[in-house]
Amino acid sequence: MQDRFIKCIAQLPKPLSDALIPLLNADFAGHIDAQQLGMLTTKSQLEESELLLALLPIAAALAKPPISEFYVGAIAKGKSGDIYMGANLELSGEALFHSVHAEQSAISHAWLSGETQILDVVVNFSPCGHCRQFMNEMVEGQKVVIHLPEQKAQPLAHYLPYAFGPSNLNITEPLLSKQQHELSLDSSDPMIIEALDHASLSYAPYSNSYAAVVLETKDGATYCGRYAENAAFNPSMLPMQMALSTMTRHNREFTEINRAVLIESAQGKISLVGATMDALHAVAAVELEHIVIDPA
């Protein structure tokens, strides 16, 4: 079991902790598939909603909040039945806008894993306005059920009434809808190919700045992030922050970053290169490889 879970596993009911410990191996990064979730439900003798709330200390253990020292964990349940954990991330000494919220982390985890709809979001503290707006961008966002400790489960519409969202800007394929933007680049570099694939799956209906980041560690592992825009603009999630959140979930240190690539479309109304370099240089002494490509 990873060291970061030792303290929180003691907070769980023993039947649950006994069933969960084998899953918390060196490769665990917050994903529990539907079959494993069913096993945990059976062995813990908890209802699924109770189980998800009980798992929040595990999700919160994925957090890296050096500024606030406030650990927030979130769990997103996808239409597939799988669950995806996420947690807040802050960049030490840097402006707060670089932060990733737990709900963003969990939802981006699900999105990177191929989920096309989130049914439930479970979180240990009430979602802030930023996160409510971020969740509202998703497919059927107003119907996502929010679960909080000692609170009745309620749809997002309860927490964000009279919402402004993608439909107000005539967007018919919101976040988590299948995206496939035609981007092409002649390269045999596996890392650039991976970044290109993720850029083609990014969500940027407002700026058309389709983009992705891939980070490579010294052992050759790669961690990616895609751009996820928001109708309210500010709650958009940048690909570098998503990639750093992915690294954190996998228990990797930013000092292990050996290479960083940003790919973005030349046809976008904005460029993410400045914000991407700021975040990268805050955590690693690596130069950003910036590639601008034309649509196919």
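Our numbering is plain: 1 for the first residue shown, then up by one each step along the chain.
For all residues, glycine too, the Cβ spot is worked out from N, Cα and C.
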Look at the Zn(2+) binding annotation in Swiss-Prot, where C128, C131 are given, and name the residue from H98, H101, H181, H198 listed for that site too. H101
What is the total of other Cβ atoms whose distance to the Cβ of N88 (substrate binding site) is within 10 Å? 26
Compute the C-alpha separation of N88 (substrate binding site) from H101 (Zn(2+) binding site), stating it in Å without decimals. 5
Test of understanding: give the count of other CB atoms lying within 10 angstroms of the CB of E103 (active site, proton donor). 29
Which is it, of C128, C131: the one of these binding-site residues whose Cβ has the most other Cβ atoms within 10 Å? C131
Here the 10 Å Cβ neighbour count for L89 (substrate binding site) comes out at 26
One should report the C-alpha separation between H101 (Zn(2+) binding site) and L89 (substrate binding site), rounded to whole angstrom, as 7
